Amino acid sequence: MFFKGGSWLWLYIRTSIILGSELNSPAPHGQNNCYQLNRFQCSFEEAQHYCHVQRGFLAHIWNKEVQDLIRDYLEEGKKWWIGQNVMPLKKHQDNKYPADVAANGPPKPLSCTYLSRNFIRISSKGDKCLLKYYFICQTGDFLDGDAHYERNGNNSHLYQRHKKTKRGVAIARDKMPPGPGHLPTTCHYPLPAHLSKTLCHPISQFPSVLSSITSQVTSAASEPSSQPLPVITQLTMPVSVTHAGQSLAETTSSPKEEGHPNTFTSYLQVSLQKASGQVIDEIAGNFSRAVHGLQALNKLQEACEFLQKLTALTPRFSKPAQVNLINSLIYLSEELLRIPFQNNNSLGFKVPPTVCPFHSLNNVTKAGEGSWLESKRHTEPVEDILEMSLVEFGNIGEAFLEQNQSPESSVTLTSANATLLLSRQNISTLPLSSYTLGHPAPVRLGFPSALALKELLNKHPGVNVQITGLAFNPFKDLDNRNIVGSIGSVLLSANRKLLQVHDLMEDIEIMLWRNVSLETHPTSLNMSTHQLTITVNVTSLEKSLIVSIDPDSPLLMTLYLGFQYQPNCTHFHLNITLPKDKVWQKDEEYTWVLNPEHLQHGIGTYYITAVLSERQEGAQQTPSLVSVITAVTQCYYWEIHNQTWSSAGCQVGPQSTILRTQCLCNHLTFFASDFFVVPRTVNVEDTIKLFLRVTNNPVGVSLLASLLGFYVITVVWARKKDQADMQKVKVTVLADNDPSAQFHYLIQVYTGYRRSAATTAKVVITLYGSEGRSEPHHLCDPQKTVFERGGLDVFLLTTWTSLGNLHSLRLWHDNSGVSPSWYVSQVIVCDMAVKRKWHFLCNCWLAVDLGDCELDRVFIPVSKRELFSFRHLFSSMIVEKFTQDYLWLSIATRHPWNQFTRVQRLSCCMTLLLCNMVINVMFWKINSTTAKRDEQMRPFAVAWSELLVSIHTAVILFPINLVIGRLFPLIEPQETLPLFPPIQASCLSDASVEPLSATMVVEELKETVRFLLRRNTYLLSKCEQPPWSSWDITKLVKLLSSLVSSHLEGQGCHQQGERHWARVVPENHHHFCCYLHRVLQRLKSHLGTLGLTQGHQSCDFLDAASQLQKLQELLETHILPTEQEPSREVTSFAILSSEEGKKPISNGLSKWLTSVCWLLLGFTSLASAFFTALYSLELSKDQATSWMISIILSVLQNIFISQPVKVVFFTFLYSLMMSRMPRLNKENEQQTKRILALLAKCSSSVPGSRDKNNPVYVAPAINSPTKHPERTLKKKKLFKLTGDILVQILFLTLLMTAIYSAKNSNRFYLHQAIWKTFSHQFSEIKLLQDFYPWANHILLPSLYGDYRGKNAVLEPSHCKCGVQLIFQIPRTKTYEKVDEGQLAFCDNGHTCGRPKSLFPGLHLRRFSYICSPRPMVLIPTDELHERLTSKNENGFSYIMRGAFFTSLRLESFTSLQMSKKGCVWSIISQVIYYLLVCYYAFIQGCQLKQQKWRFFTGKRNILDTSIILISFILLGLDMKSISLHKKNMARYRDDQDRFISFYEAVKVNSAATHLVGFPVLLATVQLWNLLRHSPRLRVISRTLSRAWDEVVGFLLIILILLTGYAIAFNLLFGCSISDYRTFFSSAVTVVGLLMGISHQEEVFALDPVLGTFLILTSVILMVLVVINLFVSAILMAFGKERKSLKKEAALIDTLLQKLSNLLGISWPQKTSSEQAATTAVGSDTEVLDELP
């Protein structure tokens, strides 16, 4: 509950500064505070008068250091008078001073403050002012006395004693201190030395509390300052001061430039921003107590500057702090008013240059808004201070205006949040006068006639007018009324007394403007029927209704008003004809203001009918579009007694519009208004008529019509695809099933999404369980195509007996058809008898040229832990989600088993597209003022506004996307689980099994061996010969025994090696052992029977049977009973999870919900299309084009960004949740229910036919493991090579695009033009006197054009500045940076030769100027570095022995706005480029992790790492450059008169420019990686590798010889020839000499003998000998390598051949001999080599 009191504070300061500015003296201030302890008793008033006589005041003991200073000199128990603060008036006192009080000051205080010491504690209390105590005076420096320093603690204090005293003190009239009169001098008698003691204390630049938190500030300000208050650099808000009869341009004053370092402000800012509220309050309190001791008027300017910078750097002020600050300035104003003005003629209307910056108002306002909440105890002091500041504000304004000789005068002050006008009027000029205040708070005031002001002007012929316009609400916390627009305050005063103006005969006009950006929500209606009706619901009788009609063309119409009925030409309550005549502003022509007296029917619904005139109807051929706005407004004034806004005595005038409110009031105070747009009822019929204007802008309607046609065509296609998918949703009963078999197995086969994953081969499956195995079954369906890419095929397989718990599954195919390769994802087998299922994760190829090149594979089931692991869930679900939940993509990739149809998906996409369009067009409607495309832009260029609108649309559309995308899947009907009849197990006994023949037993043995070899592929490599092709039973049994033993041993070792796997695999291992046990038992029985019946082989059969018996006993040891097994995780799962009692959605309810979803989609689509068409009709052609581009961008973002992000996020979330809660997988449960429902409908007793002789049932033969086919390896290498080439080309292209997109072809010409402009005659500068003419005739005109300023001639005598210094560079050259700074010349802080706005100050970063009023020390930049001293105070004299070395360097950088036209594509290329860099960084990091230190020995690794590091450095420099640019431009916008240094930005840009060439060079060198695949070009790398040792040796010899000759030339000729003056220049010259480009004439002329010898020997040794040997060694290595080069079949040739075939270019075929040679050699060739 605190208003912005700080705003009043600064309004108050500004006028005070204007008044006191003429007396502001630049005299230096003292730097010591002295305290005089007077040990004679006086009353408070006498003590105060005595201190004033001594040029001081009663001391303010507020600093702990001061207390420590005087503590030892205070007698215990004695009382000392000290100074006190001026407290604000209370509410019970009169808030307006009488005339005598206004002149003489506030009333005298009744209680005064004294100081006393109790032990070591010093305390202050109040007592009657008439009592007589000791007192303490304080001043800067006393008039006379000796001074010496004495150490007291950590501070140095100054003692001062009077040498002699007088009985009386004579005070001159002009030195008399302010006061009501002379006080008795009873206290002024001769004072002994012991009765008066003076203590002096050095003044710090900050109060003690501040210094504790800003220790760095004190150290930063190294220059001595004579000001007692801290000086901080300027702020950045301009202040404008305008007088009557003077233009604003002539009177605008810039903030005063300060020469202090910028670090001073930055340290203080950091300290105050980090300071707590208590510290800030204490600082404000200390300042308030310090200000009360000021007497001179120049102190006011100093206090204002300190407060200005304190408030600018303080983030917030509390209420007590603002009370103290306002109280201090009230005191200063009273002191100002007590002193009569001097030099009246000098004041005039000229604003002094030292005026305090008025932009502090904005800082205090922000601080007030950010202040924290406090208790209500501060409210009353703040309210009183507001009243007092307003009164003193008027008094100061009146005092200022009285100094002007003209009878009428005015001055205007403007800040960021307030505008103030002070004017003096008389009896003849005040009536009917008007005043207008401009930005930021526009207010217009008009006074009534002389008759209404007669009584006032008779009493006061001269009146001072004070008008204030505020852009904020100062009473926001006192009254929560919604005030909109400017707030005006009008005060009249005369003779320093406020005049009460109320109950006038005529109203005073106050016009209050509102912000033009205020949203008014206009409604566009059509006048096609020459009539429209507006319905408004009035809810308040105090407000006035404003009806604004804005036609697109001039119309003559009549408005009729009716209450609760629609008026017409004959039946109405009120009417008005528009446009109006004789209006003040044009927007009043079509505005109707209805006051409360016009709305006499009270609250209710009013109808306004607009009817075109008859002549207008005849002339109106096409329907006209009008924009209608209805709003209510009311005028208020601030009732100061009740602290609230009131409307009594004020009414809304007829000149009110949507942008302003005219208030007519009969009194003067604060005025404000509110504004509210009234909701209005829109007639839909009138809105639909807008479509008659579709010919003006058919973009939106045409786009909607095109989308509708496209939707209809696509829906027809989607409907046909959905019907075709219905045929694929079925359970196929295998044709080779036995009709009498009773055990059913449901097999779900998932084909992967890999490229060419579908197969045309015949697939066979075999199931293996603990109780046996099934027959091989051919998986086929004559009615549909099976095993399509990403498809699901469901088969029903039947067996005679139960297979028990499944442990293996075998798949193979015959490799037939056009595309036999098959990628199988997973297989799920369900046992319908026991309601269990097993998951077999395959994820492999069954092909002869892909994967492991196998056609026959055996898979084992996975456990629960592996099935629900996060890795498996995410990898499997990500593909499913992208193909099924990716809304746009799933229209084409929708799974037939998914119930979310293509038609539904397409409808959802169309709804999202229409929502996208309406959101886009709403943005363009809101931003219609800024949504114009640049005419110079290319037709397909993308603007920033279009990109931002598309991003905003995508963000808003994201939740809508989530809802619409899940609308139909959430209401899918759940299938009911069918009831299957129980199956009677009919297991055949062993006795009933028919005996097998020997051939069948051998086949059984072979099948078992093949199964074991396929199940454990690592056993296949151990078999040296294929014994499974033999018919010898002994060998087969031996092989079977070894395979089983190996399996058991391998399983045991695996369990010991990986203990965590023991809980998963042994359960499957148990079932596998049971299966082997049954197989061995059956084979042993058959072999035993054959041994008894077959006489010629009985021994073999019996031996085999006994061997199988031993193997069976071995298996029994691995098979534990069920009750003895440890608890292990099983690999079988229930077909369906246990139901939780949740009732499924019935079909009827599901159909109803589906209808509701369709209605919702239809309504959303129609509404979006309707409003899109309406909004698009109001867009211009340029806006429609931008809107179309935004729609395209939004759709692309939705397709390529929003949908993928949604899919990845939800896949990650579901995978994470399902890995912990597997029951959440409801989609698979629903699909399983649907499969079971289909299974219940199909008959499994279909007569089947099985041809046992069909070769498809024979598994492919097992061959020894061989290497992958060469064709497969070559394809892989070719694919990798193609990817490397494309990525490398893309990388280089993006790098070139990102670099050259920011370049401008005209930059060279601009650079040359600037260089020629500034370099003219610059080389002729040899002495300091030459510099000033060049700066005057070339530098300044080039910088500022033709403006020459008041002082057109620039000479050394005009400026008191030192010579330029370069402290960073020890060289003696001076550098002039044209783009980086501006030259400034100063004389005691004032500019010369240029206006101050063009010469902001000393800001050159590389130059230092010594500017001082004192005798200066000059350090000229000559080679001797002499130090010269000038003692001349008024002139400039120096001695210069050396001369300048002139050097000019020009640096420039491109602004961000210059490349904004095509910046979108540049940004896209940069983003993709840095993504590739991140990818390369990841690859290099992986290689570094693998290779460790060997990574740095690879040349390609170093090259790639260098590119990555330089790219990231460039990214950092770009970010730094953008940050600096935005920072500099923000500073420029804040204060355009302030100097902005671009030095740092230029340096960063220069570093980036020099560095950007290296990645281009390295990326070009990296193209060698592409050339090395050609055998002809690879010979170069091999040559360098072979000759590397010799090359290094020769390079070392050349370097040694070059160093020796460079040193010799430098020592012999360095003093005489400039080319050899340093070692490096000598080395460069020697290299040029060897290349033949150096001039040796100077060497021959200086020393013919020695010079000739050195040059001749260097040429012979280095050129003719060493370099020739170096080249010869390389040529020899090249010859050897060329002879050993063989013709190789490189991949690059294959790639070129494929590319030629793709483009239709004939490729020459090789002969048979060349092909044979190539094939013979190609197998031993390594294609991938390291880059040399």
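Heads up, the Cβ atoms here are built off N, Cα and C, so glycines get one too.
Per Swiss-Prot, domain 'PLAT' is recorded for 743-860, and the stated evidence type is sequence analysis. Taking DSSP states H, G and I as helix and E and B as strand, the domain 'PLAT' (743-860) has 0 helix, 62 strand, 56 coil.
Here the Cβ of Asn286 (N-linked glycosylation site) has 19 other Cβ atoms within 10 Å, regardless of which shown protein chain they belong to. Annotated N-linked glycosylation site per Swiss-Prot: Asn286 (among others), in sequence order.
Swiss-Prot lists Asn363 (among others) with the feature N-linked glycosylation site.
Annotated N-linked glycosylation site per Swiss-Prot: Asn515 (among others), in sequence order, evidence recorded as sequence analysis. When Cβ atoms from all protein chains are considered, those within 10 Å of Asn515 (N-linked glycosylation site) total 14, not counting its own.
According to its DSSP assignment, Asn537 (N-linked glycosylation site) is in a strand. The N-linked glycosylation site feature in Swiss-Prot is assigned to Asn537 (among others).
If you look up Swiss-Prot, you'll see Asn575 (among others) marked as N-linked glycosylation site. Neighbour list (Asn575 (N-linked glycosylation site), Cβ cut-off 8 Å, at least 6 residues apart, same chain): Thr558, Leu559, Tyr560, Leu561, Pro567.
What Swiss-Prot lists as region 'GPS' is 635-685, and the listing cites sequence analysis.
If you look up Swiss-Prot, you'll see 1-23 marked as signal peptide.
Annotated topological domain 'Extracellular' per Swiss-Prot: 24-697 (among others), in sequence order, evidence recorded as a curator's inference.
The topological domain 'Cytoplasmic' annotation in Swiss-Prot covers 719-905 (among others), and the record cites a curator's inference as its basis.
The feature topological domain 'Extracellular' is assigned by Swiss-Prot to 927-939 (among others).
Per Swiss-Prot, topological domain 'Cytoplasmic' is recorded for 961-1154 (among others), and the stated evidence type is a curator's inference.
Here the topological domain 'Extracellular' (1176-1198) returns a mean pLDDT of 77 for the predicted model. Taken from Swiss-Prot, the feature topological domain 'Extracellular' applies to 1176-1198 (among others).
The topological domain 'Cytoplasmic' annotation in Swiss-Prot covers 1220-1289 (among others) and rests on a curator's inference.
Annotated topological domain 'Extracellular' per Swiss-Prot: 1301-1461 (among others), in sequence order.
Taken from Swiss-Prot, the feature topological domain 'Cytoplasmic' applies to 1492-1500 (among others), supported by similarity to another entry.
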May I ask for the residues of the chain that lie six or more residues beyond the transmembrane segment (1648-1667) and have a Cβ under 8 Å from a Cβ within it? 1594, 1597-1598, 1601-1602, 1605, 1608-1609, 1612-1613, 1630, 1633-1634, 1640
Would you say the transmembrane segment (1199-1219) and the transmembrane segment (1155-1175) are in contact under the rule of three or more C-beta pairs closer than 8 Å, pairs 6 or more apart in sequence? no
Hey, how far is Asn515 (N-linked glycosylation site) from Asn286 (N-linked glycosylation site), Cα to Cα, in Å? 40
Please list residues from the chain of Asn537 (N-linked glycosylation site) whose Cβ is under 8 angstroms from its Cβ, counting only those at least six apart in sequence. Gly604, Thr605, Tyr606, Val678, Pro679
By Cβ distance under 8 Å, which residues at least 6 away from the ends of the transmembrane segment (1551-1572) in the same chain are close to it? 1284-1285, 1288, 1291-1292, 1295-1296, 1299, 1500, 1503-1504, 1506-1507, 1510-1511, 1513-1514, 1517-1518, 1521, 1578, 1581, 1729, 1731
Same chain only, please: residues at least 6 beyond the ends of the transmembrane segment (1290-1300) with a C-beta under 8 Å from a C-beta of the stretch. Say none if there are none. 1465-1466, 1469-1470, 1472-1473, 1476, 1556, 1559-1560, 1563-1564, 1566-1567
